[in-house]
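Pasting a structure here, questions to come.
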Amino acid sequence: MNIQVKWFYRLGFFLLLFIVLLVFYLLRPIWMPVLHILLTALAPFLFGAFISYLFHPLVGYLEDKGMNRGLAITLLYVVVFGLAGFGIYKGVPILVEQMNDIAVKAPEMAELYRTYILKFHTHTTGWPFGLHERLESIIDAMELRIGDSVNVLADAMSSLSDVMILVILIPVISFYLLKDSESLIEKGLLLIPARKREQTRRFLTDIDRSLGGYIRGQLLVCFIIGACAAVLFYIFGMNYPLLLSFIIGITNIIPYFGPIIGAIPAVLVALTISWGMVLKVAGIIIVLQFMEGNVISPIVMGKTLKLHPLVIIFVLLVGGKAAGVAGLILAVPILALVKVSVAHRKLLMNKE
């Protein structure tokens, strides 16, 4: 196949991909409600599959050391879920208490924010024409967001029963998925034509190497950052240290933008204490992000995806615009899948 034909196929492939994504985006009002129902029903299975995927390398390691697969899974579950259960037993009551306390104090905190905003608004009346009006619209939007955040917190507290059901179902589902993962993969490969099975196996291996390493590493980094934030908040006398560090750890899964999103609640709470606490919180977050970018992530993650930061920022902006928070979380994994797919497609075209 000559070079011109190869480039023609590549251009056609990317144009087709762009058209499919565009149509998919335009049809959001149709498929989003259906997707919501499906995700609600499939949630325990998806989380179970995710956990089994995370544990799979550890089970494989124990098997390589001569341990029976069932025993390896049981031992891993006893250790991991035992520690998680102990953490939940000790941490959840504190977390719920802090959530209740912040929900009760939310009106008082909102009034304090309004006072700060009005003072700032008064000081900006002399700004050039247009800037003051623009600032007013930003302030109004911020007030709406604060109100929405309080409502989201209340909704999260009211849905704790649903979360508890998931907590019970997920370990059971993940156990059986992990136990039978090899046979499930082999049965899945039987659905593919025999001549393409080896190629599909290599494709799945490359995805696991790229995407799996990123996901496992990112979760470990999030845990380390969240734990460090909790300790530092507690040492410096910050209110709601467990709740705020939990938010920082969770949002840290979003590259680049996550730390900013996670820092906002901590700064808002610090404003109700003192400006000195605001500076302490800002300092803690800056130090944590410096440590993550220069020490923790290079050690844990390395260069897992081998993608330029500008490419990652671009797909994050697209993902956030298309699907909000879920888009921000899924953008980089989807990019990794596309990268591996394109690499395999290129390899096949070169062979042809």
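For all residues, glycine too, the Cβ spot is worked out from N, Cα and C.
I grabbed these lines from TrEMBL:
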- 7-27: transmembrane segment (TRANSMEM)
- 33-55: transmembrane segment (TRANSMEM)
- 67-89: transmembrane segment (TRANSMEM)
- 159-178: transmembrane segment (TRANSMEM)
- 219-236: transmembrane segment (TRANSMEM)
- 242-261: transmembrane segment (TRANSMEM)
- 268-291: transmembrane segment (TRANSMEM)
- 311-338: transmembrane segment (TRANSMEM)
Please tell me whether the transmembrane segment (219-236) and the transmembrane segment (268-291) touch - that is, whether there are at least 3 C-beta pairs under 8 Å between them, with each pair 6 or more apart in sequence.
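Answer yes, regions in contact.
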With CB pairs under 8 Å as the measure, which of the listed stretches 33-55, 67-89, 268-291, 311-338 comes out on top against the transmembrane segment (242-261)?
311-338
